[in-house]
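Swiss-Prot has this to say about the protein:
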ACT_SITE  LYS175  active site, proton acceptor
ACT_SITE  HIS294  active site, proton acceptor
BINDING   ASN123, THR173, LYS177, ARG295, HIS327, SER379  substrate binding site
BINDING   LYS201, ASP203, GLU204  Mg(2+) binding site
MOD_RES   PRO3  N-acetylproline
MOD_RES   LYS14  N6,N6,N6-trimethyllysine
MOD_RES   LYS201  N6-carboxylysine
SITE      LYS334  site 'Transition state stabilizer'
Amino acid sequence: MSPQTETKAGVGFKAGVKDYKLTYYTPDYETKDTDILAAFRVTPQPGVPPEEAGAAVAAESSTGTWTTVWTDGLTSLDRYKGRCYDIEPVAGEENQFIAYVAYPLDLFEEGSVTNMFTSIVGNVFGFKALRALRLEDLRIPPAYVKTFQGPPHGIQVERDKLNKYGRPLLGCTIKPKLGLSAKNYGRAVYECLRGGLDFTKDDENVNSQPFMRWRDRFLFCAEALYKAQAETGEIKGHYLNATAGTCEEMIKRAVFARELGVPIVMHDYLTGGFTANTSLAHYCRDNGLLLHIHRAMHAVIDRQKNHGIHFRVLAKALRMSGGDHIHSGTVVGKLEGERDITLGFVDLLRDDFVEKDRSRGIYFTQDWVSLPGVLPVASGGIHVWHMPALTEIFGDDSVLQFGGGTLGHPWGNAPGAVANRVALEACVQARNEGRDLAREGNEIIREASKWSPELAAACEVWKEIKFEFQAMDTL
């Protein structure tokens with residue numbers, strides 16, 4: 001008896017347990033343009049066939065459960081079930097497979113990343129038949145993309161707001177991340193912005209602690225950026241972290257930032273949650289605020305190669321939920337990030353249409369149908385010697401964020417900012433003149449340091465600093 005006829009009410013209820021693959025493994029299925037497609041890295045328990053493991057993932061993340069239930073006869077499983085439509089072994093890995101699963105669009109609430117993830121990466125990750133499970137990629141169909149607002153403003157609108165074109169934007173995370181008073185914190189912000197940076201940033205765990213309450217920080221930072229704007233003639237911003245213990249408190253902080261007239265606020269989207277993030281993104285669009293996103297907690301989810309969720313999926317989810325910037329790794333700094341894979345999800349953040357490219361970890365062609373793009377933020381262990389590589393790798397539509405690489409300058413914060421701005425302008429000019437940044441990068445920085453004592457001092461301090469560890473996030 002076929003799985004389809006078993007679920008028809010006219011046949012009668014047949015109790016018991018049957019293999020998932022009888023119903024949920026459908027290798028002849030032709031995917032629809034409206035399906036959400038998922039690529040899972042599956043490691044079955046010994047003795048579990050890969051087809052059964054893939055079917056179990058499809059079942060437990062859609063309509064299935066561990067046994068046959070009589071209420072199956074009250075609906076059409078063929079309409080609503082997830083289907084494992086293909087399985088392929090992972091090259092070079094024993095007992096690992098990529099299982100491709102198609103989900104009907106009707107399974108998901110419109111405009112809700114929360115609901116999408118609750119289904120696709122919910123209970124199935126604790127399933128006993130699987131030794132490990134990792135969601136490698138999702139194809140979000142245009143029909144579903146169109147139910148999301150996405151980033152509050154996007155790349156072009158941000159450039160127009162800031163009146164800054166033709167180069168990456170420069171930022172700095174204020175350090176020490178915890179312990180400064182609000183006034184001293186604001187002083188550090190002012191010095192960095194006056195020196196030539198476009199942005200400064202609250203660190204991800206700066207919320208509203210006893211040593212510095214959020215309202216005091218917002219006031220002193222607003223004073224700092226307005227003073228720096230008046231002195232430099234450039235529009236400046238500070239990422240005021242609105243993350244809070246409740247959505248109501250988060251929105252209250254964003255409202256106060258808007259009343260101060262600052263251009264941008266910030267949110268920790270994984271610890272804060274997708275529902276809170278989408279709510280804040282909607283507020284930011286309605287009220288003209290840019291939204292910077294920090295990915296605190298991402299490595300808990302994405303760093304293990306065989307279990308969890310790859311960051312490219314979290315990046316796609318952020319573009320849907322809403323954010324104008326997101327931290328994306330550096331390739332060259334202290335934090336995890338392999339070049340081809342990093343550039344793969346950077347393209348998924350910025351571009352409107354991205355072709356399937358397995359060499360960069362992109363399992364599906366993704367059409368964003370004009371959903372605004374997100375600026376990738378390179379941050380973590382970078383300094384002036386990295387500037388040529390960062391400019392070449394990330395291009396103009398990016399934010400290069402130097403925390404210790406600004407505040408660690410031997411002459412202070414403002415000279416540290418000057419050094420970074422001079423290095424960036426030198427790299428952009430050299431690139432525009434046709435020079436090869438990858439090959440001539442060090443020479444370009446040395447030439448610029450001859451007429452910038454601030455850059456020369458920075459070059460001397462960080463000439464021996466390297467973070468040489470093998471990346472774990474490989475294909």
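Just so you know, glycine gets a Cβ as well, placed from its N, Cα and C.
Of all the recorded positions in the list LYS175, ASP203, GLU204, HIS294, the shortest Cα-Cα distance to ASN123 (substrate binding site) is found for HIS294. Within 10 Å of ASP203 (Mg(2+) binding site), as judged by C-alpha distances, no binding-site residues are found among ARG295, HIS327, SER379. Between the recorded positions LYS175, LYS201, HIS327, the minimum number of other C-beta atoms within 10 Å of a residue's C-beta occurs at LYS175.
Spatial neighbours are here defined as Cα atoms within 10 angstroms of one another, and by that definition the neighbours of LYS201 (Mg(2+) binding site) among the binding-site residues THR173, ARG295, HIS327, SER379 are THR173.
Local packing around the recorded positions LYS177, HIS294, ARG295 was summarised as the count of other Cβ atoms within 10 Å of each Cβ; on this measure the leading residue is HIS294. Between the C-alpha atoms of GLU204 (Mg(2+) binding site) and SER379 (substrate binding site), the distance comes to 12 Å. Secondary structure from DSSP puts ASP203 (Mg(2+) binding site) in coil. Fewest other C-beta atoms within 10 Å: among the binding-site residues ASN123, THR173, SER379, that description fits ASN123.
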